[in-house]
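Q: According to TrEMBL, the protein has these features:
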ACT_SITE  ASP170  active site, proton donor
ACT_SITE  TYR264  active site, proton acceptor
BINDING   CYS169, HIS201  Mn(2+) binding site
DOMAIN    196-418  domain 'Glycosyl hydrolase family 4 C-terminal'
TRANSMEM  6-24  transmembrane segment
Amino acid sequence: MKKSSIVIAGGGSTFTPGIVMMLLDHADRFPLRQIKFYDNDAARQEKIAKACEILLKERAPEIAFSYTTDPKEAFTDVDFVMAHIRVGKYAMREKDEKIPMKHGVFGQETCGPGGIAYGMRSIGGVIEILDYMEKYSPNAWMLNYSNPAAIVAEATRRLRPNSKIINICDMPVGIEDRMAEILGLPNGRKDMCVRYYGLNHFGWWCDIRDKDGNDLMPRIKEHVAKYGYIVNPESHHDEASWNDTYGKAKDVYAVDPDTLPNTYLKYYLFPDYVFNHDNQHPDHTRANEVMENREKNVFAAAKEIVEKGTAVDCKFKSDDHASYIVDLAEAIAFNKKARMLLIVENDGAISNFDPTAMVEIPCIVGSNGYEKICIGKIPQFQKGLMEEQVSVEKLVVEAWITGSYQKLWQALTLSKTVPSASVAKAILDDLIEANKDYWPELK
Ligand code: NAD
Ligand code: G6P
Ligand code: MN
């Protein structure tokens, strides 16, 4: 069986250890000969890398491991680039979330003004990594899940239309895992065949069947109408903000009971609720929650491994949600013709929607890339929402490429999450000030 060489870009990410553990769990179907880490923050990456080095030596000594901040070293001789960078790190995420709140608009990593601000930072970082890959390993594939994936995907469509990059997201996978649990399916989400359409963090399931073609939507809908995507209301273990998101899916579902929604739609359909809710405090947002929990725990676990000199009984947890990344790499490496949701150029797949939009739809993946599944016509409600949102995303990318203040102001003004052009301008001016080290200069 062919063994692959991969580089994880954003080696210092809080998700890196979970992905490494997950890769080891799935080594029988996606074997590796080499894992490299690449990051532009040597100190942050080293903390994670030193621990992973110990772990890999103990659990998979046959896999060569190295980490570097040198692009040539990182991107030479790789088959896949798995990218999860966060340009500006949590310090900037915190600003993305807190600045809109000062103007009465909720703050979120990928949605609304926060997502737009993050997009303006991410585009350059992701394109840079794509260019390194093409320079040093021209046959490799980049599997990108750096956010905001919708804006990043539109940027790569515009700027690198022929590059081998696939943009993906774990939110539908995470929700499908919950649906499978609700239904008690023995093999989890892989027992379901889904039709889903939308933009990234902005989509709907319109058909879910089991392997025999039986319709599973009615049973899922019955549960979601009562509990949202909270599987067991008696014993839930999610962080407060995620628990709230899964529960709120109940109200999001009520707006269109013909489909099942992505949880992120709460930001667009209930922005006032999100803003006023307890988990959105102007001095304490999700970025703080992540720094206090995931970041603290992952780096503490890494430190413990390094101090003990062993990863036996370590606290790194395999991130099984992320197994969709292996599904994708495996499908390409071994021509699996696997069906999965990808963020791709519409080009007629949704027949009554902008052909140049980057949409999230099922695709069949093999060694020659992906083929899109035809979705056909979508309903007026979804079409209307998506046209507005895709225009926001396109305007952001246009603003980044041309350095246009006007286009970015229009993007913020058009966002369903912002009440007026004057609020959009006030937010924009604060965001420009906060992002002066990261955004192109706007004129
Ligand atoms: P993190 O801040 O812990 O890690 C990001 C790492 O990227 C940091 O170590 C940082 O130094 C590095 N980095 C920043 N800019 C870089 C650049 N230009 N080149 C190389 N490295 C760079 O963040 P995190 O919370 O672990 O999340 C990482 C990313 O993964 C984010 O973009 C997040 O939104 C994304 N994510 C996406 C999905 C999805 O569904 N698509 C799921 C989970 C996480
Ligand atoms: C989901 C989304 C990701 C997003 C993450 C945020 O997994 O699909 O795109 O980055 O949630 O999670 P966090 O825990 O960092 O708020
Ligand atoms: Mn996502």
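Using the three backbone atoms N, Cα and C, a Cβ is placed for every residue, glycine included.
Can you tell me where each of these features sits in this structure?
A: Counting Cβ atoms from all protein chains shown, ASP170 (active site, proton donor) has 16 others lying within 10 Å of its own Cβ. DSSP gives ASP170 (active site, proton donor) a coil state; it is part of no helix or strand.
For the recorded site, TYR264 (active site, proton acceptor), the DSSP three-state label reads helix. If you draw a 10 Å sphere around the CB of TYR264 (active site, proton acceptor), it holds 22 other CB atoms from the protein chains shown.
Counting only same-chain residues at least 6 apart in sequence, those with a Cβ under 8 Å from the Cβ of HIS201 (Mn(2+) binding site) are THR110, CYS111, PRO148, ALA149, ALA150, CYS169, MET171, ASN262, TYR264.
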Q: Which sequence-distant residues neighbour the transmembrane segment (6-24)? Criterion: at least 6 residues beyond either end, Cβ under 8 Å.
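A: Non-local partners: 30, 32, 34-39, 41, 44-49, 51-52, 55-56, 59-60, 67, 74-75, 78-86, 129, 146, 290, 294-295, 298-299, 301-302, 316-320, 322-323, 325-326, 329.
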Q: Cβ under 6 Å from an atom of ligand 1: which of these recorded positions qualify? The list is CYS169, ASP170, HIS201, TYR264.
A: CYS169, ASP170
